[in-house]
Amino acid sequence: MPGGGAMVAASGAGRPEYPGGLTMFVSMACLVAATGGLIFGYDIGVSGGVTSMDPFLSRFFPSVYRAQSAAAAAAGGNQYCRFDSQLLTMFTSSLYLAALASSLGAATVTRVAGRKWSMFAGGLVFLAGCALNGAAANVAMLIVGRVLLGVGIGFANQSVPVYLSEMAPARMRGMLNNGFQMMITTGVLAANLINYGTARIAGGWGWRLSLALAAVPAAVMTAGALFLPETPNSLLERGRRGEARRMLQRVRGEGVDVEDEYNDLVAAGEASRAVASPWRDILRRRNRPPLVMAVAIPLFQQLTGINVIMFYAPVLFRTLGFGGGASLMSAVITGGVNTAATLVSVLAVDRVGRRALFLEGGAQMVASQAAVGALIGARLGWSGTAAIPAGYAAAVVAAMCVYVAAFAWSWGPLAWLVPSEVMPLEVRPAGQSITVAVNMAMTFAVAQAFLPLLCRLRFVLFFFFAGWVAAMTAFVALFVPETKGVPIEDMAAVWSDHWYWKRFVDGDGDGARRRGDIEMGHK
């Protein structure tokens, strides 16, 4: 390879790694960028808590308030259907339609202006949504505010995982990228704690504080984006070679020989600039494997049923017969488990690999989802008319915590990590936009459908999700390759080594030529 730089020890995949470790500069940049996950996580946690608060329901959704009050007061009331309202679920899920649409536009901003400015734009719009929601006087203001929040989340979710994957050394990419999911879970936990406190504010206005405090993580991300360095990949993509060379040196550390990595980045950057239409190029045969990952992984992530727990945890626990305070505390418990288990993934993903976490987490989720369904079905039955005693309720919460822990160290962080690291540079923003769009579309569908499905399928809903988890675990076993320690510019070789995907990469002459050029360091 030109440049004379010696490669360091081989990765677990048998491929050489570039020299350079984790510098303080990269650590701080990735920490600031990962705060983009806070706004997503806070919103996930806050919406379910707010919609379980009686003052919020009585003001904006009086029919739901009357229905759940009647179910609580009437002996034999159907617990499964207490919160069945399309207007209420639209409050939660409208955000995700907006995030879907905005993520597609964010691909152009991320490619043309850079990753950091996409984060900055998303933060500004999110702040406007926080102001509207905190001051909402009617349902229309709530929905418009949620749409603005969705635009901000669409930009952040599109740009942050790409930024983290491009800044991180290959052998630490999983850990640093999982920082995004760590921030999401921290945001969920913070929102659950805040909801628990604001629900006790006299006067019933605590929901306003819960919604408005989403501005705090948004302000951190927006202000932090102003000071973030741009990634070497993005600078090369925009033809700024000198800046890219200096930034790569700073990222990998002074005195580190970055010539080999720089040459490979230049080759990838030239291929990127040669692509006139990333959206058309991503459909080419050679990009079929990463495109399938960009679609299938986020689609499957939402079919785990995680949003049953994260969005509607307080609502779900109240549906199961918990009191208002108990339901919020149960959500805090599951949020705490979520955060702690995500830390396990941060520490383990670059040691045990992506596939091991995917497969173990899938098996654990199948078992725990089935346990939740069995516990609820055994007590409430099909009619949903029985009360749940404290000890039995604790068993339900424990089973849900086992499920949340499995998701948090597997499909939670890896569904963002794997699609962001397998995309070629020339289609990376477009690929990440597809990932976010599919994720948001499925999030909307699950959020909108959950309460009606719970009313109609009862406890069988949990077995429905368990079946999907079994299917997606089989998909990982057959079709998801291990990417631990593989340099992001050498990802094409992963597909050429795979028993199934090699037919797409090796069968495309242009793809094979480009892979060889990258591996040999040719421009």
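Cβ atoms here come from the backbone N, Cα and C positions, even for glycine.
Remember, predicted model here, so these are calculated numbers, not experimental data.
Over in TrEMBL, the protein carries these features:
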- 29-484: domain 'Major facilitator superfamily (MFS) profile' (DOMAIN)
- 21-42: transmembrane segment (TRANSMEM)
- 87-107: transmembrane segment (TRANSMEM)
- 119-137: transmembrane segment (TRANSMEM)
- 143-164: transmembrane segment (TRANSMEM)
- 176-194: transmembrane segment (TRANSMEM)
- 206-228: transmembrane segment (TRANSMEM)
- 291-313: transmembrane segment (TRANSMEM)
- 325-349: transmembrane segment (TRANSMEM)
- 356-378: transmembrane segment (TRANSMEM)
- 390-418: transmembrane segment (TRANSMEM)
- 430-451: transmembrane segment (TRANSMEM)
- 457-480: transmembrane segment (TRANSMEM)
* Segment-segment contact (the transmembrane segment (325-349); the transmembrane segment (176-194)) at 3 or more Cβ pairs under 8 Å -> yes
* For the transmembrane segment (457-480), find every same-chain residue at least 6 residues outside the stretch whose CB is under 8 Å from a CB in it, and list them. => 80, 292-293, 296-297, 300, 303-305, 308, 354-355, 358-359, 362-363, 365-366, 369-370, 372-374, 376-377, 380, 382, 384, 411, 418, 450, 498, 500-501
* Using a Cβ distance cut-off of under 8 Å, indicate which of 21-42, 87-107, 176-194, 291-313 has the most pairs with the transmembrane segment (206-228). => 21-42
